[in-house]
Amino acid sequence: MTNNGETTSTRRQRQRQPPSLIRLSLKRCFAARPVLALLLLAYIISHVTVIQELSSIDASGKSPPLLSSSTTLMMRTNPKVPQKQPQQQSAVRMKQKTSSVTNKTESDSTRQSPPNNRSLPFISYDIPFDELRSAMDAGNDTVAQHLLDFGIIGFPKCGTTTMMQWLGMHNEIVAIQHEIMALQKHHPARIVNFVMKELPPGRFLRGYKSPNDVEDQRALNKLARHYPHTKLIVGLRHPVLWYESFYNHRIQNGFNMPPMTEMNANCIGGYYGVCIGRAGYHGTLVRMGKTPLGYDNSTDVNKKVEEREAERNLFSPKERRSLRNDLPVGTISPNPVFLYDTSQLKMPSNSGVDVVQQQDNYNQFVQTLKTYLGVSQDFPPMIQSKPGKKDLNATEQARRDARKVDICDEVYQEHRKWLLESGKRTKEWILDYFVKSPDVTVGNLHHFREILDTYSVDPCLQRNRNKTR
């Protein structure tokens, strides 16, 4: 028995065990080259976290390309990112909390991708934001493309909040759970700074929501130049219902809106963006350059002129004057577009005469979106989100409710007339030109066509019939 309580047989057995490869190598290095051995030991200790991180990535997972070879050893990730949860409601609550308090998070050991999305590449934030921005300034325009997979860019009051939260509930998708307009006025790399701070690394698609980007040429230009493969999602809504919803949304949020009866077809600052002209979605979408008005698709000069003239006739005289000044002829946005109507963001009814058709329309819409985004797992059931200020006392809420409008009232008949005329032009242009672009996808084209046909029909007819039942 030795002094430390170890028997002689146990000590001899331990001595007969062969030394590990690392211990043997270090022993020989210290004997031969002690300085080199010390450097090697220091290197191993300082990079042990890198080795652990790399060992967790399987052979098929690839990190994004780096700026230079000197950064290949800098596997820097943001430790202050929450874990992606599979549960629907907890996922929404978790991401809402992340957007406001990013310093209350879980450890790296618990942050992981779901097990079934191996088809997506593993993305780790190994390039610091400052290096991404510098590389972009130096001419590497698309260095941050891998960090931005999709963008919900419009239109306002067209289900963008519902779409953002619903997509964020999918196990393979993470989305910034608040509106962000970083691409409009700021450096094109600014948006990925939000991505790296608020979304976890791993095998996820990453996206953002900014319902005004579709109308902002600066944002579209930055997407085309720096994020050309980012998939865009654009929502539409019946123009009459859109105008009513937008006006009442401003009232709910405390804007000092003028009475709707005093608002005309023009757009002035006092309307706070609630403009009849904005309901002409075709006047905005045409600027993406995916139709004959925006690019040369024919070598026949006469045919080219005829195509453009036929398309131009679908715009009002005021819209044509605007196109002459603003339309970037010869420029095509490289970003693909998924187009939907807000009425498609609803679970099918369990009663009525069209139950089977509703279910089929919904299933086709969800399947098309699933294919468009490139995810393998099914989407959770559709949700409904109603944005707007909610923390009001009963008295203040009653006061604001009293200022809201029912656009079907007779006094708003002229407004509905303007909006229906715009809706008719939007319907014809989208169906005759926009959806024919190979870059444009719609969920269930047949059903989408039926929805757009209602854009020139007064929805108050159906609303009044429902009231009399």
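Don't overthink the numbers, they just go from 1 along the chain as shown.
From the backbone N, Cα and C atoms, a Cβ is placed for every residue, glycine too.
Worth saying up front: this structure is predicted, and the values here are computed from it rather than measured.
So that you can see what the record holds, here are the features copied from TrEMBL:
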- Lys157: active site, for sulfotransferase activity (ACT_SITE)
- Arg237, Ser245: 3'-phosphoadenylyl sulfate binding site (BINDING)
- 78-89: compositional bias 'Low complexity' (COMPBIAS)
- 97-119: compositional bias 'Polar residues' (COMPBIAS)
- 78-121: region 'Disordered' (REGION)
- 30-50: transmembrane segment (TRANSMEM)
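Between the C-alpha atoms of Arg237 (3'-phosphoadenylyl sulfate binding site) and the residue listed as 'active site, for sulfotransferase activity', the distance comes to 8 Å. Cβ packing within 10 Å was compared across the binding-site residues Arg237, Ser245, and the lowest neighbour count falls to Ser245.
Sequence-distant neighbours of Lys157 (active site, for sulfotransferase activity) (same chain, six or more apart, CB under 8 Å from its CB) are Pro211, Arg237, Trp242, Ser245, Phe246, His249, listed in sequence order.
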